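Accompanying notes for the structure given below.
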Amino acid sequence: MPIMPTHARRLRELRHPAPSSSTGHTQQCPGAANRARIGLAVILFLVFTTAVVRAVPTMFTIGVILQYTYSDNTPYPDTDDVFAMTSLALPAMNALDPTLTQFQFVKGDSQGTRAGAIAAMLNISSTYPNPVAFIGEWDSATTIPLVLAEAMVRSWHCSGVASSTDLSDKQNFARFFRTIQDDSQQGPALIQFVKTMGWGSVNLVTAIDAYGTSIAASTIAAAPDAGITISTQSVVSPVATDFTFVIATLRKSLSNIIIFAMPTTVAREMLRQARDAGLVAPEYVWISTDIFSDYLSTSAALPTVAEDIVNADGAFYVYPRAATETAAYAVLLAAWARVSSRAVLNVPYGTLCYDCAVALSRGIVRTVQRRGVAALTSAAGNLTLTEFMPPAYEGVSGTVQFTSTGDRVGDFSVWNTVNGNLHLAYDLFANGTRAQRTTPTFAGGSTVVPPDTPPKAKLYPTWSDPVVIVLAVLRALMLGVCAAGIAVLSRNRHVPLVKNMSYPFLVTISVGVMVVLVAEFMVVGEPAQEMCHAPVWVLTVGYQLVVGSAGVRTYRIFKIFSNTTMARMKRYSNAKLLRAVAALIAVQSALYAVRATVFVSTPELVTSKSTVSYQCVPRDAVGDRVIVGVSLALNVALLAGVIVLGYKTRNVASAFRETLWIMYTGQNVAIAGIVILTFTFIALPDFALAAYYLRSFLTLYASIFAYIALVGRVALAAVHSPTASTLAMVPTAISATTSSTSGTSGSHGTTSSAHVHVDWTPTGQIARATVRSAPVKQVAGLSWWHGGWTATWRTHAVHIVVPAAPGTPYLALVPTLTAGTAVQGTAFPTSTATFDARPTDLPLCVIITTARGAWAVQLPTQPDADAVAGALAAAGARSVGAGAGGPGGSSVGRGVRAMSASSATGSAMAPLARARSASHSAAPEKGGKGMIVTEPVVRATARVASPVSLGRARE
């Protein structure tokens, strides 16, 4: 001891006094000498006693307050190992100044509550000697109130776990410091790891507690400088069990990288639900903080089940770096191996709590050496944290160096969980560099770093898309077919076949189909502003060229076939009808011009987690909807009119049956249009490309069908047999479908013309008159669906029968079908009927009227109509109208033989349709007064042969 040599010298001086320096001799008083000797002895005794007392070191108690057990006294995982590892620091602590200080650790079990932690602190403070310092707690939420309570006893506190930035406030936590890096460093470390992995965006999920809040704040603050985007931020309760909202947010997020900070029990439940939702997968990366280090605990109180191990596979967490290369770590490693088989680095926060204990002991020894024991807890000494904390030293966790706020400046490591084991993947240094230690493994065992944002599928057509290329090739081929068709039609435009089919409209329809196909090319690629208007404009013009041309042609046929305007056919010339189509296109173009200039639309990018697409957004949504609505109504009305007219004239017979095919075309366009409009106006971002495929295919299908139905058949006929085609266009008479002879056969005679066949009785009276095929339309009935607008012309066989007495003459109208097919027709007694042989509004027709309705029977020529009228008169029907007293009536007789059989060549009113098979029965006709039958309704059955074409009118 430093005073012992001085004490020895003083004894020698007393035993051997030095000679007097005085030349004189003075004798001292014996009493005085004795008193001097006694005083000196007392002084020496006191000095010696003090030296002996100082030679006994002071015992200081350091309380280690952690959760050692649950409320039911079952052990809490890892805590005993942490305490055991911390206790291994005692030899180094006691060796600092063994004659001055000694240390002991005392457990303080908080049982996981703040009140428990404070109670444990107070118990240690009142029970053990010199309780000048504490270590703990497991989390910041408990540490904060514990440190505040310690202010009452003025103890020092070090934590190897609590990292909340709130504890850096020295006004409230003047005697707190820590060996773990605070959250203000852990957040940047997380961002540093994300950046060095090449990721640019993350999702953040944290608990609403002091720890989670500070992690979130530091992470968000560090992200902008590193160029990292926080895609989504979610918060959860520290005791949350339902993560539905969080998982839904993550599913929608553009990033697959997830940083989470929350208690381990909460993290386990979240990962379970995330796995069920498909978020624990190779394309997702989960990154946690130091709190995740106890996730793989094997404690019976908090077991990690197989499901949890699988859920954590490929996860990462940032943890303060352990400097395994230092001598202090080597000493700990050897000491720990003697007490446990568990790896040092697998004990959560063990090395940090070890260094906490060493740092506290260094600060205590330093203070005692400088100011004494009392200065440690005395308020009078005004000891500051900076004065207490030791200077930098090499600890088991690396260099331990503190800032003025008691925070440790240090590096981090990134740990990787693989098959239930921990692997050191990277070291992150404060200078921003990264050192890889092992190859990281991601969920599913992959070692390939997944992208933060998966490659987005382009949900708009591009030229790199094979489907787009195939559709483009098909459209190009169709354009070539249309161009070739125009060339063929132009070369044969003077051929009657092409001429009668209206060459100008054939070309117009072909051009319209080509315009529609060209419009589909315009939507491929990333859209520019003009692409929001041009494709639909061009497509609509093409549609109107096709449907408008077909519509005016059908309208002309309908007007011709209705026999109402024979004298005004010049109104329906090609030139006038083409001007009508041009006017329609002009109106449509005016609407779209307003839309493109006033209600301008611009393409806007629409992104989802895995897709990118564009949608055109108008400047004025209301005005744009008005224009689109008017345009849609216009074109729907056009298509509906074509379908209705096509339906009404569908049975018109001609060589190419164009009205029937026009109706089919309208139906196909309508069906395709419904689907196309549905996927156009109902936006489904994830279905955008598939919707384009569907729209493009249907547009191509409708175009091909329209071209083949309206143009292609004519062009093909012109190429293969123009002469035969020309002849087919010449209106011909109806051929007799049963054998007939001129003159008499058997007991009675027959008279046959091309259109009317008459059988005579031996007495010269008519027995039967037959028109083998004639268009018939019900023009009036008892209900609105009989006759009028809904009625159509259908081919019938007309039978006027005068049976032998006492039979009743009747008229039978039987629809014509294929040969050998039995059908039911309508029959009624002629005595109750009237007829008009020459109606002014329906030339070449005979109107037959009964109490139940009226029918128009169309004949190829006027003499044929007169012949039918004469047969009706002979059968007892009464003539009315302009035809009364005209040809027919009493002049029928045998003069019917002389009826002209001339064909209807040149007649504009030739029947135009073949009958469809259908059953038609009429309601019963009430018999007249004195009739033999009371219900004179006859169901006539006839076997008929296939009718032939009547030809068509030239357009």
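Keep in mind that glycine also has a Cβ here, set from the backbone N, Cα and C atoms.
Keep in mind that TrEMBL annotations are predicted by a computer and have not been checked by a curator.
The feature compositional bias 'Polar residues' is assigned by TrEMBL to 19-29.
The domain 'G-protein coupled receptors family 3 profile' annotation in TrEMBL covers 467-731.
Residues or ranges marked as region 'Disordered' by TrEMBL: 1-30.
Positions annotated as transmembrane segment by TrEMBL: 40-66 (among others).
The transmembrane segment feature in TrEMBL is assigned to 467-489 (among others).
Per TrEMBL, the feature transmembrane segment maps to 501-524 (among others).
Marked as transmembrane segment by TrEMBL: 536-556 (among others).
Distant neighbours of the transmembrane segment (577-594): 504-505, 508, 533, 536-537, 540-541, 544-545, 548-549, 552-553, 556, 627, 630-631, 634-635, 638; these residues of the same chain sit at least 6 beyond its ends, with a Cβ under 8 Å from one of its Cβ atoms. Residues or ranges marked as transmembrane segment in TrEMBL: 577-594 (among others).
Positions annotated as transmembrane segment by TrEMBL: 626-647 (among others).
Residues or ranges marked as transmembrane segment in TrEMBL: 668-694 (among others).
Taken from TrEMBL, the feature transmembrane segment applies to 700-719 (among others). For the transmembrane segment (700-719), the residues of the chain that approach it from at least six positions outside its boundaries are 471, 474-475, 478, 481-482, 485, 488-489, 492, 495, 497-498, 501, 506, 509-510, 513, 516-517, 520, 546, 550, 656, 658, 661-662, 664-665, 668-669, 672-673, 725, judged by C-beta separation under 8 angstroms.
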Review point. Are there three or more C-beta pairs under 8 angstroms joining the transmembrane segment (668-694) and the transmembrane segment (626-647), sequence spacing 6 or more?
Key: yes
In the domain 'G-protein coupled receptors family 3 profile' (467-731), averaged pLDDT is 83
Long-range CB partners for the transmembrane segment (467-489) (under 8 A, at least six residues beyond its ends), listed in sequence order, are 461, 498, 503, 506-507, 510-511, 513-514, 517-518, 520-521, 524, 693, 696-697, 700, 703-704, 707, 711-712, 714-715, 718-719
